[in-house]
Amino acid sequence: MRRSKADVERYVASVLGLTPSPRQKSMKGFYFAKLYYEAKEYDLAKKYICTYINVQERDPKAHRFLGLLYELEENTEKAVECYRRSVELNPTQKDLVLKIAELLCKNDVTDGRAKYWVERAAKLFPGSPAIYKLKEQLLDCEGEDGWNKLFDLIQSELYVRPDDVHVNIRLVELYRSTKRLKDAVAHCHEAERNIALRSSLEWNSCVVQTLKEYLESLQCLESDKSDWRATNTDLLLAYANLMLLTLSTRDVQENRELLESFDSALQSAKSSLGGNDELSATFLEMKGHFYMYAGSLLLKMGQHGNNVQWRALSELAALCYLIAFQVPRPKIKLREGKAGQNLLEMMACDRLSQSGHMLLSLSRGKQDFLKEVVETFANKIGQSALYDALFSSQSPKDTSFLGSDDIGKIDVQEPELEDLARYDVGAIRAHNGSLQHLTWLGLQWNSLPALPGIRKWLKQLFHRLPHETSRLETNAPESICILDLEVFLLGVVYTSHLQLKEKCNSHHSSYQPLCLPFPVCKQLCTERQKSWWDAVCTLIHRKAVPGNLAKLRLLVQHEINTLRAQEKHGLQPALLVHWAKYLQKTGSGLNSFYGQLEYIGRSVHYWKKVLPLLKIIKKNSIPEPIDPLFKHFHSVDIQASEIVEYEEDAHITFAILDAVNGNIEDAVTAFESIKSVVSYWNLALIFHRKAEDIENDALSPEEQEECRNYLTKTRDYLIKIIDDGDSNLSVVKKLPVPLESVKQMLNSVMQELEDYSEGGPLYKNGSLRNADSEIKHSTPSPTKYSLSPSKSYKYSPETPPRWTEDRNSLLNMICQQVEAIKKEMQELKLNSSKSASRHRWPTENYGPDSVPDGYQGSQTFHGAPLTVATTGPSVYYSQSPAYNSQYLLRPAANVTPTKGSSNTEFKSTKEGFSIPVSADGFKFGISEPGNQEKKREKPLENDTGLQAQDIRGRKKGRGVIFGQTSSTFTFADVAKSTSGEGFQFGKKDLNFKGFSGAGEKLFSSRYGKMANKANTSGDFEKDDDAYKTEDSDDIHFEPVVQMPEKVELVTGEEGEKVLYSQGVKLFRFDAEVRQWKERGLGNLKILKNEVNGKLRMLMRREQVLKVCANHWITTTMNLKPLSGSDRAWMWSASDFSDGDAKLERLAAKFKTPELAEEFKQKFEECQRLLLDIPLQTPHKLVDTGRAAKLIQRAEEMKSGLKDFKTFLTNDQTKVTEEENKGSGTGVAGASDTTIKPNAENTGPTLEWDNYDLREDALDDSVSSSSVHASPLASSPVRKNLFRFDESTTGSNFSFKSALSLSKSPAKLNQSGTSVGTDEESVVTQEEERDGQYFEPVVPLPDLVEVSSGEENEQVVFSHRAEIYRYDKDVGQWKERGIGDIKILQNYDNKQVRIVMRRDQVLKLCANHRITPDMSLQNMKGTERVWVWTACDFADGERKVEHLAVRFKLQDVADSFKKIFDEAKTAQEKDSLITPHVSRSSTPRESPCGKIAVAVLEEITRERTDVIQGDDVADAASEVEVSSTSETTTKAVVSPPKFVFVSESVKRIFSSEKSKPFAFGNSSATGSLFGFSFNAPLKSNNSETSSVAQSGSESKVEPKKCELSKNSDIEQSSDSKVKNLSASFPTEESSINYTFKTPEKEPPLWHAEFTKEELVQKLRSTTKSADHLNGLLREIEATNAVLMEQIKLLKSEIRRLERNQEREKSAANLEYLKNVLLQFIFLKPGSERERLLPVINTMLQLSPEEKGKLAAVAQDEEENPSRSSG
């Protein structure tokens, strides 16, 4: 409330009366001046502020306030002087500088001070529009001299703000003032593409004036005719825009004048028409706009006039709209806007949309209205009446366009709704998503019977916005979706419609349209709605102004709660019901399953919000909020009588959602409980669909009866609907379909029931009519009722509507044509590749590699993107030159590229086995290639026994198709097995039907034989067959690319509870440089283990999720504040973030001090929790004696465990075991495991202490195996290695490769091949396991093997470097990444390529082949940079790049050049390169530990019995020899007696119970991994005896092993069985031998164990060792903590000592000072002499200095005596 002058005077008098001091009275003058300023007494305000300034002259606020008072009095000079003084006192007042500049420019522009202050303000406000206007004023006053500067100023401002209307108009005016009309026209032409300018009334007025002036000028006459036509085109477009804007903002008289001017422009352009050029097309379109605006002006005149004849005006307006609607759309493109859209096309859509809707609105409820209008006014009389109504001038009609136009050829053409919907989409683009336009369109559709296409409108505006969100409970702006915006538009249209109805009910003529034309109608939405819509558009299109983003987000966030009916939404229940009904109706009309699910799901959401409100309405009304987003209208309030009906609608919607989700039984139950025609209709649909599903196959009598029952129920429900409709006509309105559709469907059902009564359509004469049923699926009978897609909804993803079956034949035909084209292209590529040169890019010599069976075929389009899911997250993968498509396609073996059968339920786990086979063999999860013709194909001769099974299996939904004659997998021995004993995996599977192809070879090297056939067209056809799918009766559309199986994310935090989590910045103190270093930004968590109660602190970096803090919380830890900050805490802990325990000093910085204090409280609370838990921290174990014993015991058990594991895994022995004979699916054992060692690597090891039953048929490690064998032996090596897991439950039998890449490719040539699990790679990790190892606190998740494409390649060079790419556009080098650059050579085809990936992200930044024509060149100015040109595939596509790589050292750069040249040479010679990392040969240790060798030598010390001669070859082949380059280890032949003698091994076991020794194989009770324990048969063969006697000293050469392996492969089945039985005697012939103690040795422990017992012993020992290792680690961590504390104590002691020394020295100095003062002031004599020793001692004077000091003392004694004398 403003105070009056009298109030202020009374208050001032009272205050001054209480203030005796004059200075204090003056000090209150500022406050008094503000009070008088509020009372508008400016003179009194100046008086008091001046008194204040007299005592406080340096107060800038007072001077500014005085300047404001002078400015109000328009005393500019004094105001500027006060402001200037204020700025001098406080220079930070930027706005005051701008104020001074504006005042000076306003007062006198020529004043030199104005220029100074404008330049000063420009430095403070760069790019400000206000500064531009001031500069413009300064330059305007210079006249013609300043035009050039003004032009430069405007151009620079346009560059910054091209949408500024004032700047554009100013430029055009400058052109016009300087008579440069041509430049002005050119600028107008260019600026027409700017949407912001086209929507400005001032700009369009300027354009019209400029173009008219140009056309009338002499310059136009001198120019060519095309320029004149282009200017006329721009003029007509500008008139159309100006007319639209004038209709919306100006009065009727101005509209008439502008329309008349538009008329004259059209008339002048009419005479120059000819041809099909831009002017003709624009003229025709502008003619339509002219008549549309004429009709809108007529209705506007009726709105603003008095005593208006609405009938006459509406008839003339309808005539105008008819002419506008019948103007054809332009056929040529005029120009494109910013979005690349045709301008004329958008304007035509807008014209047709507005005209069409207005025609429907004017003719609504009036029969033959348009026909009467055409008959009455489509003539000269009507034309004259129209002219008189629009134009008030007395100009002759013949000279005007409207008076001379021919309007007599108008047809009575009413717009079609489908055409209008299409025009609306284009009109929305023209208006750029204006909420006013969208609301107007919604109001037009609100009166039409069809639903508006709001979804299509919004998709045009927001292309990338999701349709629905899964987070309806949140209000985050990021969660906004299309459905939210659709609901918002529905609400705006709904409330606008109700508001218009209320206004029109009082005074409304039948000829007056409910909603006026778009240009003349008032604002249809509220300001709140408009601001929210604009904020959403700004956020989605990311056009927010900096600094305004937070405000927009808050605005959007607030209204999302209302749109989703969350919390206190304040929505009227009637609006919620309207939303729910609209969404349910729209969803039911969609053909998309997901569209139905989203729409009906949102409808259910709103119904659930309405139901509680309906219960409240029964008791009382719902209060209306004060300022709602959507206004409440009492005319639509829900009455109590309507509540039951709405509740029924809600439950029907719930049931429909159940049906859509596939819960058919729940939906049927819900529908049956509701007695309504809508529920009857839905029940009829459900039962009819069930009957159709049964009809799809040949019917048995039971299925035929079931189908008849469903059809009977359908008929009954349809009859109920018809009966209810006849009795009550209002019921028919509730039906989602017309009543005629119900009757048509009833007739169809009745016809089907009659067919069943005649004997059934599918079962006649006791025979199945397969052909008829198939024909029925592809071509439905014309008499049968087929439900329209718009009349129904899908019930589940697996149940598509019947109309999709009509497309099967078309899709099949297209698939066949595509396959034929693919084959032709493959043959063409094959022929071209044969004739091409060796170095053709990129298909050179990259045929399919030899890969294991089971790969589903390869794509032969090299270089094309492959849309298959690999192991990585990327879906689209481009094939690089060194990647073969077979490897990429491997993980997507069960992807259906085109269509898949929805009935296929077969998985590898269902039948209990998963076996890798060739592409010709049987397949799992993929239907057999071919279409319906495949079903009628004649079965092959070899598969006669399986054909019937195939048909039955297909009917039951198992897509199992066993292979043809080329199948290479058989289970001959297993199928013939009759023994029920022995080792079995799992129980018998009742679903298992046996195996096919018995008697054939168990495993064969298919791809080894295919090496010479890789480029034949037949193989391409086989590969393509893998993608062919079989049409099923029930079609299911799946995505082309199937995502990989979801890998469960294991973080190590699963069993822990989050007690605290907060975002912080973590620092680590670096002791070397003595400073804090940032470690990461992320959430710091305190986790509590639910099992043992331990607490730990964990933090991961954002995005990369790298652990940057991970340590236990102990009671000894304490937080200390970081000096200089109240938001940071520091502490010390033994951290495991890098994997090893390391004492770290950490600090966490929080956003606010409150968060830091909260963290401290939580930390201390956690420490108090630890006091209640039994202490398990390491400091309890600090007992030197006990610790020493624990360490000793752990080391002993660790050593023994290693020796025992080494013997069991037996890396130097080959394993060959006989297949077990099992029953059912219990198949165990391995077939001929044959491995050919490479020249540089040892053979792989088979580890039998880990068993693996997994679903995967073949691991990706097959293609990445480090075993490099010959082409003939490579496939068996990779295929036939088995791993069996410990779990034997169920019948999930899996053949899986045990090979895994244990080291990087760069290390393969300097270490032996390590195969198996990570913890048991004995050969290469012996030294690593001897060292101490600290496990992290958080266990890592299981390793997910990643395929990089570099598995079958050796690394010949690898070093860190920085790579650059030359950008031709900007003409400079650009950095592409930093990482390891590698030169890789393929083992198979010897091709060499360069690969480089970025650090951390591993993104490819170089990937190309090395070709002979490539050469490295030094970059000018440096010798460490190499430059070359190559066709690179780093971005997935072939692209010629200029690359440069820079190394840190010159030696590395030279080495890269050397290896590069060697690679080209080796590639030409087809030879392998010696890798750079293995040039220096390093001595290799024995792959077996010394203790393990001692154990074996001790075991084999006694001479064994003689081995039978027939077994020599097998015994030799069982010995695995490591083909290292240095020395080969001793080959040991197993003795029949097995004695544990080594003390290290003996300590492992504690039980001396003797049991038979067997390892899992029923026939190998007397054998262990190839070592025979059975009684050997006597033989006189001396040769074999010598071999056996040599024992461990005998050596077997690798070539002999290879020969024996190959001979094993080539043997027949009979010989194979003989050999296996020879080396592994059967159970009947085996004799159990005990392990006897040697006579010469002291009595030792005898061991006879089974394999299970040994495995159990090994497990318990491993657990014990792990426990002891854990204790060791705790001791080590405690010791580290104690050592750190000792260091801290020592440093503290040293600090104290230094302080003591300083204090002592300070005391000594003080004492010396006192002594010297006494010496100086004492009188000469004996007292002074007594101080001399003290001074000499403290100052450590030399003898000479002592003498001088004594002489000084003596002189001082003699001087007084001399003076007295």
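The backbone N, Cα and C atoms fix where each Cβ goes, glycine too.
Record check of SER21, SER700, SER781 in Swiss-Prot: the feature phosphoserine is attached to SER21.
Checking Swiss-Prot for region 'Disordered' across the ranges 846-865, 1006-1025, 1746-1765 points to 1746-1765. If you compare THR19, THR896, THR1411 in Swiss-Prot, the phosphothreonine annotation sits on THR19. When Swiss-Prot is compared with the stretches 928-959, 1216-1247, the one noted as region 'Disordered' is 1216-1247.
Look at the domain 'RanBD1 2' (1333-1469): DSSP puts its residues at 20 helix, 60 strand, 57 coil. Most buried of the modified residues THR19, SER21, judged by other Cβ atoms within 10 Å, is THR19. Cβ atoms under 8 Å from those of the repeat 'TPR 3' (648-681) belong to residues 580-581, 584, 588, 593, 596-597, 600-601, 603-604, 607-608, 610-611, 690, 717-718, 720-721, 724-725, 731-732, 734-737, 742, 793-799 of the same chain, restricted to positions at least 6 beyond its ends. Each residue in the repeat 'TPR 3' (648-681) gets a DSSP state, and the totals come to 27 helix, 0 strand, 7 coil. Predicted-model confidence for the domain 'RanBD1 1' (1036-1172) is 87, expressed as mean pLDDT. Mapped onto DSSP helix, strand and coil, the domain 'RanBD1 1' (1036-1172) counts 19 helix, 62 strand, 56 coil.
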